[in-house]
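Annotated features, as they stand in Swiss-Prot:
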| type | residues | note |
| --- | --- | --- |
| ACT_SITE | E151 | active site, proton donor |
| DISULFID | C80-C124 | disulfide bond |
| DISULFID | C300-C307 | disulfide bond |
| DOMAIN | 40-326 | domain 'GH18' |
| SIGNAL | 1-35 | signal peptide |
Amino acid sequence: MGKLRKNLLAWAGTGVAAACAVTMTAVPALSTPEPEAAGVVSASPYLYNGWGNPPSPTEVMNASGIKNFTLAFILADGTCNPAWDGNRPLDGQDKATIDAIRGAGGDVIPSIGGYSGSKLGEVCQDSQSLAGAYQKVIDAYGLKAIDVDIEATEFENDASQTRVLEALKIVKEANPGLRTVVTFPTLVNGPNDVGKRMIDKAARIGSDVDVWTQMPFNFGGGDMAADTITSTEGLVAHLKSAFGYDDATAYAHAGISSMNGKSDTGETVDQAAFQKMADYAGEKGLGRLSFWSVNRDRPCDGAPDACGGIDQQPWDFTKIVAGLQS
């Protein structure tokens, strides 16, 4: 969810945002057209085993009520082969995390890609081999859903965009019921030209992505709740244009992945702003609400991989996402 994930930036400023009370208003659950698979997609914040001091997922589940997590990040191991962070095997530490989450009644959606590292969409030379790499991840964990976080050159390059979309089409056809998420950067008014090109391409080739999730931050400031809603409305408008969706269907194919606390550029998403995003997501029936990251969703000790840089209680943002579970 931005450069803080692997290229930690110098902390901008030393002040901590003022305390912000969270009012947990009741809102409708997010859109769940296929309940078993959709649950892991619709409300699942990011958890990253390869960053800082990751929290125990079962402790977070018990304290917050969250059921599902998006696990970051699967990269290429130097070849067209998937590995956590490009170096941890699929059957290692991260599988133990998945087993623990499932043992506690939850589930996971792995995130493939991210801002940094060697991306499968660039290393794999064609859509068939890329689909094969995705399939290895699906088979390793018996997945109901996958997230492709497409950023940087993988996002900007037309050929790698095409490989990703074609590979997602292949794995959806090979795995009935599998849900696919594409997460990508955006502007205040919605997708940039590269994002629009990607969505238009998916419509042309028949790549049936279930949820297009924007990362509405690193805008440089402003009202983060209002800007997020504006950006999402821009996404919804383009989905309607590209696919011919009606309003309800377009909202169900749109998602938000915010960044709790301080963003890479020093913006602040506090609890009240994130609650407004959650209210909007529930009211509109969005297909997904997430944030970067559970690792940062706790009181701050000054390290950007361990906290969000604002005054908060443990798991404030995770609890907000949990409020949207079906």
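The count begins at 1 with the first shown residue.
Each residue, glycine too, has its Cβ placed from N, Cα and C.
Source: prediction; values computed, not measured.
Projection of Swiss-Prot feature records onto the structure.
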| residue | record | Cβ neighbours (10 Å) |
| --- | --- | --- |
| C80 | disulfide bond | 17 |
| C124 | disulfide bond | 24 |
| E151 | active site, proton donor | 20 |
| C300 | disulfide bond | 19 |
| C307 | disulfide bond | 22 |
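Nearest in space to C300 (disulfide bond), taking C-alpha to C-alpha distance over the recorded positions C80, C124, E151, is E151. The residue listed as 'active site, proton donor' and C124 (disulfide bond) are 16 Å apart (CA-CA, integer value).
For the pair C80 (disulfide bond) and E151 (active site, proton donor), the C-alpha distance works out to 18 angstrom. A straight line from the CA of E151 (active site, proton donor) to the CA of C307 (disulfide bond) spans 23 Å.
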